[in-house]
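Q: First the structure, which I've put down as structure tokens, then a few questions once you've had a look.
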């Protein structure tokens, strides 16, 4: 019961946080509707930073803890609700059906990645007491079966080892590892696709209803809401796009985010770096660097 009450409390805080975030973004097109889109995007980004800072301050001062997955779900339902209540009036039925299907697939994908095993390593012989020079993070390398587990990394959030560990994703509330990495990539592409679809739909709505001058209070608030959610989705695409490119890069060079950040902690990377340094000194090539060592593993 205590765990359930904590979960409900965290979800409630996340719901309130989403409402406050969207309300803050609502103020940007409300007061700066005549400004260029770049100015509005910059102001929206600043507003989000201020809201996040305020949320962190409340967490430290009052002890309120939000749930990142609940925040993601609430944000999705908020955008979906704005689409159903406002935006769909001005778009074609095909776009409406396409966007609704994308949102349903996103929700299904979120549930799957939250519940799916990322590749947790469970073994009686997997212990920190067996660390030595021929082991990598407690995984012995004396036979072929253990070699398959050499890329098992420790997740501090889950406090366990994960095979093919890339990173712990707070937004999904789970590690990203060998068994759910493909689902993670598909879900990331799905988020970007759905957000771009909403940007297109919302742009069509604002262009069609901008000419309305009757009933100013109602039409004005509707237009501002559509515009603020459009800005929110644009900001999401602006960081998720480079994030996707980064993971495509990692796939191409067979490296994980954890390995890139903490490569000095893993002997196989140090061995590769030292061998490449020796090759560079023998051939007289002085342009070899750590970046090449990482990407050539």
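Each Cβ is built from the backbone N, Cα and C atoms, and glycine gets one as well.
TrEMBL feature annotations, pasted as is:
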DOMAIN    149-264  domain 'Palmitoyltransferase DHHC'
TRANSMEM  12-32  transmembrane segment
TRANSMEM  38-58  transmembrane segment
TRANSMEM  70-91  transmembrane segment
TRANSMEM  97-115  transmembrane segment
TRANSMEM  181-200  transmembrane segment
TRANSMEM  220-239  transmembrane segment
Q: Which one of these stretches, 12-32, 181-200, 220-239, has the most C-beta pairs shorter than 8 Å to the transmembrane segment (70-91)?
A: 12-32
Q: DSSP helix, strand and coil counts for the domain 'Palmitoyltransferase DHHC' (149-264)?
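A: Tallied per class, the domain 'Palmitoyltransferase DHHC' (149-264) gives 73 helix, 14 strand, 29 coil.
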Q: What parts of the chain pack near the transmembrane segment (38-58), using Cβ distances under 8 Å and only residues at least 6 beyond its ends?
A: 17, 20-21, 24-25, 27-29, 32, 64, 66, 227-228, 231-232, 234-235, 238
Q: Restricting to the domain 'Palmitoyltransferase DHHC' (149-264), what is the model's mean pLDDT?
A: 86
